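A.B. asks: As annotated by TrEMBL, domain 'CBS' applies to A:143-206, A:207-263. The annotation transmembrane segment is assigned in TrEMBL to A:288-305, A:317-341, A:362-383, A:389-415, A:436-455.
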2 protein chains.
Amino acid sequence: MGENKQNDLLNQEKIISLLEQQQATKFRNVFLVLHVYEQAQIFIELTKKQRARVYRYLTPEELGATFNAIEEEPERVISYFDEMTPNYAAAVITQMYTDNAVDILAFAEKKNLANYLRLMPREKSDEIKEMLHYEDKTAGSIMATELVKIVGNQTARSGLHVLKKEAKEAETIYYAYVIDDDEKLIGVVTLRQLLISDDDALIRDIMNDQVKSVKVDEDQEDVAKTIRDYNFLAIPVTDYDNKLIGIITVDDIIDVIDEESAEDYSGLAGVDIEDSPDDPFKAAKKRLPWLVTLLFLGMSTATLISHYEQLVSEASILAVFISSITGTAGNAGTQSLAVAVRKLAYKDDDTKTIMRTIFTEAITGLVIGLVTGLTIFVIVGLWKNNFILGLVIGLAMMCAIIVANLAGSLIPIVMDKLGFDPAVASGPFISTLSDLTSVLIYFNIAGLFLSFITGTGN
Amino acid sequence: MGENKQNDLLNQEKIISLLEQQQATKFRNVFLVLHVYEQAQIFIELTKKQRARVYRYLTPEELGATFNAIEEEPERVISYFDEMTPNYAAAVITQMYTDNAVDILAFAEKKNLANYLRLMPREKSDEIKEMLHYEDKTAGSIMATELVKIVGNQTARSGLHVLKKEAKEAETIYYAYVIDDDEKLIGVVTLRQLLISDDDALIRDIMNDQVKSVKVDEDQEDVAKTIRDYNFLAIPVTDYDNKLIGIITVDDIIDVIDEESAEDYSGLAGVDIEDSPDDPFKAAKKRLPWLVTLLFLGMSTATLISHYEQLVSEASILAVFISSITGTAGNAGTQSLAVAVRKLAYKDDDTKTIMRTIFTEAITGLVIGLVTGLTIFVIVGLWKNNFILGLVIGLAMMCAIIVANLAGSLIPIVMDKLGFDPAVASGPFISTLSDLTSVLIYFNIAGLFLSFITGTGN
């Protein structure tokens, strides 16, 4: 990769210097031979003045291809459009795949959006308007509308001809979808099948009529699961009349998988890792709300301990084990949370799975609680030569872990049922909550045995 | 999806009953029309007796296709091969894609493996032997060897002809790779380009000679990054002479992305979420080693507090805030850890990025520490009417957070530099470690102010 990177840097320098020298033709020769991803990587490094020249040197079709591969915040891409003449911007947007254009236009100012749509061909603006209505994170919001449709009584030869004709426009030409007279999806043929079939074979005879499709409002995570399980390169999207309205390709699905896994990870850590600024003040600003919220939740633990301050002053040894108990229960709860969140995300969330998850976590918590409780009982008993104290700590740890494990699995499940993303029940939240229950359990058990602890303890 | 699932269950029941009735032909009619993923899903639900019938009713080619789509533990798939006659097993393996076969055979007993290899066509067994040598998680270990090679002085028509001929065997026919006389990779043409080119155009004129490839020992995560960035459907794999030896397709990359993200997530939670058994005893057995290790690490925190027990008995109010300080510092450390692990995984880990990450986290920790420290200073000061106590708690929290933030970013970086997976530095580990440093900081600061706390406190 080192070598590739060096090349990329060389290309970038060359292109910038050609822009500075206003060498339009040479710039085009060097720039357009690059992969669109590389074009996009270089474009986002340019200054405003250099970008202005790019808008003059490239056709809307060429810049549209580059913009299809841009991986910037939509707000930033919008600002590029604002730099262009409205006509040129509208033409660039027209040349982009509809799904990519919509991802960006969703963040445009109303006035500018209306302007761009007005300057576009009617067909494209209608498609964009339609797609802007689909809810975020559904199949509709990530589908492209550029796809290849054929009919059943065409021959393979004619199907191949359609594919060739659409090859420049369509997002993928490796699947052609077969529709009936009502635009309803009835089958699929792969380009591979078309190639190996007899030229005169009828599409309806070679097509696969067991075509898998997704509904337009289906969750993007479910779409990702289907594409991954079936190893599809694309899947068709239908509306509720089974009319074919779009296609989702595997490259969009990779973005979905990345996004969802980053969300799960962010949830567990209690910080948005996808968008952690390099500016420490901005980073702090993003992390503080959650930390301060948890600090206040943690204050209820402090209040609780404060309530037992008399107990602590009588047996200060109790203070020694607060962090062991809260820490271990918090760790166990985090494990249980992570397992439950993943099971909810990747298995079917029917009642049976849920009940089994809760049951598994409850028994797992019991076993883990028993083993760690017994361990700390022995350690404390030997260390402090006080097995009553050991019993208190061991019992408290066991109960605290059982509660933390149950909370770790129940809270994401309840959040899921209430319609929230279960990943929001973050690790820090579970461990802060578990601090509270652990302390409550600990001091209640300790209170019962107080005379034994102070009687024989140090 | 509910409807689909119902269908799947109906199919499964039908197929099982046909197997029970020994209806070979009807079984074939129903089974073979399903997608291979669905076939595999049903196959793994069968009993041993039912599977034995499947081996009689299906050709090795048909079962090989099913096995390509199986998503079971390799050990389990090996046990299926052991049920078959060695000849049939070898034939099934021969029909599978080499990468899939190797994934499974890597877990076969030496004796059985030798036996299967002996019964296979020489060419296939050589390929498998070759691939068994590639290190886990490199490009070589996930590549397929079934790919389409063409040469530069062929015409588009003849290239298309090659693709048609290979369409049944190759893992993808959407890219044809162009090689020179020494089998070195010099270009790529997509099937799309072949279709829209003039029939008599020479491959060397229409091919893209800026072909991206990966080296056979490249990390699978880097391969995934390239395929994702460039939106490729596949990428060629070359050896160190630049000879074309394999291909990695996007569906394999989705598995890699899933695997790596599950690893990151598991690391953060301190539990292997990919392999969390439903049996609570097995689940507990998997989680306990880490929990007990952390429990012992936590005991050093207890020992430390024990060292300050005199201080606690003089000012029991100190016990009240232990969990607030350790909890908040642990939460901040977990955030910092998550951000650092992701930056290491997804950005280039050059010295500049690393220094910037550490610098960002240090300053972020300072800002977060200042804000939360100030918050708790005010809360405690007002609550306990003791601003000296508030100052102690606030100062301790600030210092504890700065240390936790630094540890959260430094530890994964150091582990990465030492050649360990940075994701192993889990959230629970960081928060348990942070408990120790937080308590040390807390009691040292408290010791300095002891007379003020007890003098004016409760």
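Any Cβ shown, glycine's included, is placed from N, Cα and C.
Whatever TrEMBL says is automated annotation, not expert-curated.
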A.B. asks: Tally of helix, strand and coil residues over the domain 'CBS' (A:143-206) according to DSSP?
C.D. replies: 21 helix, 18 strand, 25 coil
A.B. asks: Is it true that the transmembrane segment (A:389-415) and the transmembrane segment (A:317-341) have 3 or more Cβ pairs under 8 Å, skipping pairs fewer than 6 apart in sequence?
C.D. replies: yes
A.B. asks: Using a Cβ cut-off of under 8 Å, list the residues of the same chain at least 6 residues beyond the transmembrane segment (A:288-305) that approach it.
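C.D. replies: Here the qualifying positions are 270-271, 312, 322, 326, 426, 428-429, 432-433, 435-436, 439-440, 443.
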A.B. asks: Restricting to the same chain and to residues at least six past its boundaries, which positions have a Cβ under 8 Å from a Cβ of the transmembrane segment (A:317-341)?
C.D. replies: 264, 267-268, 301, 305, 311, 357, 361, 364-365, 368-369, 372, 376, 380, 384, 389, 393, 396-397, 400-401, 403-409, 411-413, 422-423, 425, 427, 430-431, 433-435, 437-439, 442-443, 446, 453, 457-458
A.B. asks: Mind looking up the mean pLDDT for the domain 'CBS' (A:143-206) in the predicted model?
C.D. replies: 89
A.B. asks: DSSP on the domain 'CBS' (A:207-263): how many residues come out helix, how many strand, how many coil?
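C.D. replies: Split into helix, strand and coil, the domain 'CBS' (A:207-263) gives 25 helix, 16 strand, 16 coil.
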